[in-house]
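Reading through the structure tokens given below for one structure.
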Amino acid sequence: MSEILHLPLCYLTNELREHEAKAQENHPSPPLMERAGKAAADWLLTRISNTDKILIIAGPGNNGGDALVMSRLLQLQGVHCTTVLLGKINKLPIDAANAYQAYCDAGFLLQNELPTIEEWTWGIDGIFGIGLTRHPEGAFAKAIEYLNQCSVNILALDMPSGLNADTGVAFSPCVIAHHTLTYLGWKPGLFTYDGRDYAGEAYLDELGVPAGTASGTLIHTAPVQPPPRKHNSHKGTYGTVGILGGEEGMEGAVILATRAALKSGAGKVIGSCLGSLQIDMNFPQIMRSKPEKLLSQPLSVLGIGPGLGTSAEAQELLKTSLSLPIPLVIDADALNLIAANPALKTLCQQRNADTIITPHPLEAARLLHTNTESININRIESALKLAKEYNSTVVLKGSGSIIATPDGQWFVNTSGHPGMAVAGMGDVLTGMIAGVVAQGVTAKDATSLTVWAHGETSIL
Ligand SMILES: NC(=O)C1=CN([C@@H]2O[C@H](COP(=O)(O)OP(=O)(O)OC[C@H]3O[C@@H](n4cnc5c(N)ncnc54)[C@H](O)[C@@H]3O)[C@@H](O)[C@H]2O)[C@@H](O)CC1
Ligand SMILES: [K+]
């Protein structure tokens, strides 16, 4: 399987600031703000007709400057625009002040209050971009609420105002955009946590600037190809997956995981339950085994945790599993057991073979001995911390799953949909990852490919 090569970078705000500063220096003309406003005007011009009326709201910073450039260029094309500037003119940053001057020089009108008559077909949000630092209040909050209650298409420039570009946490209020045209590089906040609910469809315009340096990667397509298969191969070529879990009443979790492992291309799959596992008549090729026997077999990878429970027996089996020199995919109750038992945590930290952990935010909170909220307010940081602390490749589940590796890389997944918020989805993911790892794929490649494919297909 090839390395992850062709995915776009994902920038944190401080990385974007550096990227922007270098771009201003190395590619000064035309100014970036002029390009940003033009990109937005061009974007809109392909989507409107001459009967459309556009409301443009510009804020107190450079995001507002983008909006002023956009408005000027649209009006020069004869588009009907009403433009509101919320910031104080004498406090505009230099680039936005230049945009303001160019707007006035072109002879167009500006308003400093929201209009009372609503006659828009599009609303443009240029209130705040990546410079948002706190809850929008006063006139800014009113403008955001105004845009949200207009039943028209909303285009946000760079970020929906009120959405944190790094974390995807939405302040209240926050613009609910139908579209977001983001500049220079992707921001994780557009895709993770609240991001997708507020950004709508996201588009990138790099403003003609070559890629800079970013710590993250955006998964928006299959990041790697599935392993190629030779005609001259057999089931032994594609590895053996063991899945261990399913206490009494939870055996279905193992059924889901084993099916997913099989469908992901593993050569052989063996399911094992603490409860009683019946033959899966839909997939009778899935084998069954008693837990102790499973752990003494030559497995390529073990998925442990789906429906496992937290009994003493489960704990013993997990202890044995953590000592196996094979890749492990650890989910659900197996994570809860590790979180509650320092000796198991130490075993996990000391492993030499790949370990992949797939917590949802509550499981992540238990593993880091904190609460769910502190996980959610910074999902990237939480995933990186887990990866380091547990010497594992991490999939932090939830909207915009974050993958983090022990060496500090992080990825944001963009596939998936709200229909996936249903019991059993995590079991399927565990099985899929195990199925791909069984074929010899590294933990990083297997998780990024599988998390993306899981969201894209939602199999079973
Ligand atoms: N400087 C440049 O050359 C470029 C900047 N660009 C645009 O500039 C944006 C970043 O500009 P800025 O750093 O000026 O940031 P913003 O325009 O996002 O806003 C920052 C301003 O709003 C204030 N502010 C933040 N949160 C507030 C709140 N809740 N209530 C009231 N005021 C608040 C800040 O004190 C600051 O004055 C990007 O998102 C992008 O849209 C683009 O034009 C690309 C080029
Ligand atoms: K904005």
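Using N, Cα and C of the backbone, Cβ positions are placed for all residues, glycine too.
Those TrEMBL annotations? Automatic predictions, nothing curated.
For the AMP site that TrEMBL gives as LYS397, GLY398, SER399, GLY400, SER401, the extra residue drawn from GLY419, GLY424, GLY426, GLY431 is GLY426. The K(+) site recorded in TrEMBL includes ASN63, SER161, and the single candidate from ASP95, ASP125, ASP194 that the record places there is ASP125. Neighbour counts were taken at the CB atom with a 10 A radius for the binding-site residues ASN62, THR133, SER161, SER399; the maximum falls on SER161. Checking each of the binding-site residues ASN62, GLY65, THR133, ASP158, HIS360 against GLY426 (AMP binding site) by C-alpha distance, the shortest gap belongs to HIS360. Sequence-distant neighbours of ASN63 (K(+) binding site) (same chain, 6+ apart, CB under 8 A from its CB) are GLY126, ILE127, PHE128, GLY129, ILE130, GLY131, LEU157, ASP158, MET159, SER161. Excluding ASN63, ASP125, SER161, which define the K(+) site, the same chain contributes ILE57, GLY59, GLY64, ALA67, GLY126, ILE127, PHE128, GLY129, ALA156, LEU157, ASP158, MET159, PRO160, VAL175 within 8 Å (Cβ to the Cβ centroid), listed in sequence order. For ligand 1, the nearby binding-site residues are ASN62; that is, of ASN62, ASP125, SER161, HIS360, LYS397, SER401, these have a C-beta under 6 Å from one of its atoms. Among the binding-site residues ASN63, ASP125, ILE130, GLY400, residues whose Cβ is positioned under 6 Å from ligand 2 are identified as ASN63, ASP125.
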